[in-house]
Amino acid sequence: MYTFSSKLKNLSLILMVLGALGIGYGFFTAPKNTEEVEAILASGHGEHHEASASKHEAKPAHKEEVHVTEIVKDSAALAVNHLDSISKNVEEGHVAAVATPAHDTHEAKSEGNEVAHDAHAEHAEHVEHVFHQLQNKPWAALYVAALFFMLISLGVLAFYAIQHAAQAGWSPVLFRVMEALTSYLVPGAIIVYVLLVLSSLHFNHLFVWMDPEVVKHDELIQGKAGYLNVPFFLIRAAIFMGGWIFYRQYTRKNALLLDETNDATYYKKNFKASAAFLAFFLVSESMMSWDWIMSVDPHWYSTLFGWYVFASFFVSGITVIALTTLYLKSKGYLENVNNSHFHDLAKFMFGISVFWTYLWFSQFMLMWYANIPEEVTYFKFRIEHYNLPFFGMVAMNFVFPILILINTDFKRVPWIISMAGIVILCGHYLDFHNMIYPATVGDQWFIGISEISSILFFLGLFIFVVFTTLAKQPLLPKGNPLIDESKHFHY
Amino acid sequence: MSNKVIHALYNDDDVLMDAVKQTRLAHHHIEEVYTPFPVHGLDKAMGLAPTRIAICAFLYGLTGLSFGTWMMNYIMIQDWPQDIGGKPSFSYIQNMPSFVPIMFEETVFFAAHLMVITFYMRSKLWPFKTAENPDVRTTDDHFLMEVAVNNNEDELTSFLKNTGAVEVKVVEKH
């Protein structure tokens, strides 16, 4: 039996209190009207962003010019024979160039007043826009963290179901750990659902398609209204979360009955339930990613988005299994877990990290290559305004694990697995941050008090729920027919 | 010094594993073990050093990655930077996503093929090589352990017979 150490319990409570205070601070300091936004913009925060963005754009343009002059030189050399026609063209060009400025100044004078007026309206519109983004910021911070931790739990659940359906011989000693990690799914899903309901009730502006004013002027969203409408959205969410929670509670109950009775029918029930869950999960997960993540950008779509989101939280889930197991092992609770179990988990961390990268790159490269304006704005905005998090997460989720976890010996060293695991988790938090923030907060993003507090709050809650469940049952599932194989698993 | 060896034949891999462990405990030098299929844990029981072929493969992969990068950079950026369908060819990084499939395949190609060739060279395998099989049965259902003899022929023979060998014979090696 595991006992929830008071140290860890206090830590989780401290994290929750600190996080809650920080979340409250985030909501409290969010601007309440446009005047406050004016003050923020005047202090130079926004201008800095804009300046750096324009610098980015200026660089390639300059290079292009240089290139163009080179080409002009070459073609001039080739075109000696046609000198006459060239000079003629140049003369004509001169005439046109002289003519246009005069024309322009004339018009500019007459329309000068109007231009000033437009600039003022534009500024007001800009302030209004920034105001909405800054108001969204504490909500987005809360939403990303809530979603991230719930999806970690869901990733563990998917892994658990796969272990059952595949009748894996190595993992049964870890089943209690996985069941404890999935216990967070119940409170986690409820919190996310409440946030979705609050969005539907217009407490925030995370989902732009929920705003009837926006939809009125947006034919693209109108066309999607058959799918993207609030009642259907909430019903879908309830069905998905209900299905996941039902599977989790059902298998947990059967697993405990299996321990008590040693009756193999419970094992068979779990096997069948897992196979059915996996089919349900693949459909619901895909639709969940359209609903809760992709729909913050209702003008954009990507076909492999569901798998991409899946890979992101699946690898996070496996990483959390590895970290929890390492922690429990270090406290001496898991006598039957050996290096080979860690080796297997680390292999999964490595493999699914590469899988995530494959999907990330496939999504990015296909859109970058075709460069269709309606698709590519998604990445253009991220590269311009989220450059470091966008490419930083590729380094954290791909380059780092591939270099560290490729070595067989390293995959058995606890501190190396822990280090790689923490980097992977931070990287995938950034991944979700990059999915939600650009559409809701835009270039006003920052990883500050709101974001870190939200992470701390949900981390505390996660630890509290998981370790409370862990303390309820013995850590070794005795009744599982594969448990002996799992105890002696050796790679 | 004669170059005699003893061939001890076994017909079960568990018996072979035990025999290998006993022989090593008794400090007899095992020259070679011939088996019809991979016996798990045999290399550990014999005390063989772990293979370094994975390290080779990693380095070959890096070579392939460098080659792919260099090739695409030279051809597409340095030598003739054409405008092909609007792809930016001003610097390598600007057009990198379209080179990644090639860089990846070159990495895998170099890693896989050079590792296989390394394996063939280190194991001395090639198409017209004469087989070095001491007993035809070892490719079918028998396991053979070859132990060096150092003026202790009788002692070693009786020792190997006690390890469960179905046949023990002294062979002159040329």
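Just so you know, glycine gets a Cβ as well, placed from its N, Cα and C.
Tertiary proximity for the transmembrane segment (A:12-28) is limited to same-chain residues at least six positions away from its ends with a CB under 8 Å from its CB atoms, namely 137-138, 141-142, 449-450, 452-461, 463-464, 467. What TrEMBL records for A:12-28 (among others) is transmembrane segment.
According to TrEMBL, the feature transmembrane segment maps to A:140-162 (among others).
The transmembrane segment annotation in TrEMBL covers A:183-207 (among others). Non-local neighbours of the transmembrane segment (A:183-207) in the same chain are 132, 135-136, 139-140, 142-143, 146-147, 149-150, 152-154, 157, 230, 233-234, 237-238, 241, 244-245, 248-249, 252, 292, 295-296, 298, 436, 440, 458, 461-462, 465-466, 468-469; each lies 6+ residues outside the stretch with a CB under 8 Å from one of its CB atoms.
As annotated by TrEMBL, transmembrane segment applies to A:227-247 (among others). A Cβ distance under 8 Å defines the sequence-distant neighbours of the transmembrane segment (A:227-247), meaning residues of its chain 6+ beyond its ends; these are 154, 157, 161, 185-186, 189-190, 192-193, 196-197, 200, 209-210, 221, 273-274, 277, 280-281, 284, 287-288, 291-292, 295, 298.
Marked as transmembrane segment by TrEMBL: A:275-293 (among others).
Residues annotated as transmembrane segment in TrEMBL: A:305-328 (among others).
Sequence annotations record features per position, and here TrEMBL assigns transmembrane segment to A:348-368 (among others).
The transmembrane segment annotation in TrEMBL covers A:388-406 (among others).
What TrEMBL records for A:413-430 (among others) is transmembrane segment.
The transmembrane segment annotation in TrEMBL covers A:445-470 (among others). Outside the transmembrane segment (A:445-470) by six or more residues, the chain places 2, 4, 8-9, 11-23, 25-26, 137-138, 141-142, 144-146, 148-149, 152-153, 176-177, 179-181, 183-184, 187-188, 324, 328, 385-386, 429, 433, 437-438 with a CB less than 8 A from a CB of the stretch.
If you look at the transmembrane segment (A:413-430) against the transmembrane segment (A:305-328), you find at least three C-beta pairs under 8 angstroms, all six or more positions apart, and that counts as contact. Under 8 Å from some Cβ of the transmembrane segment (A:275-293) lie the Cβ atoms of residues 147, 154, 157-158, 161-162, 165, 192, 196, 233, 236-237, 239-240, 243-244, 247, 305-310, 432, 435-436, all in the same chain and six or more residues away from its ends.
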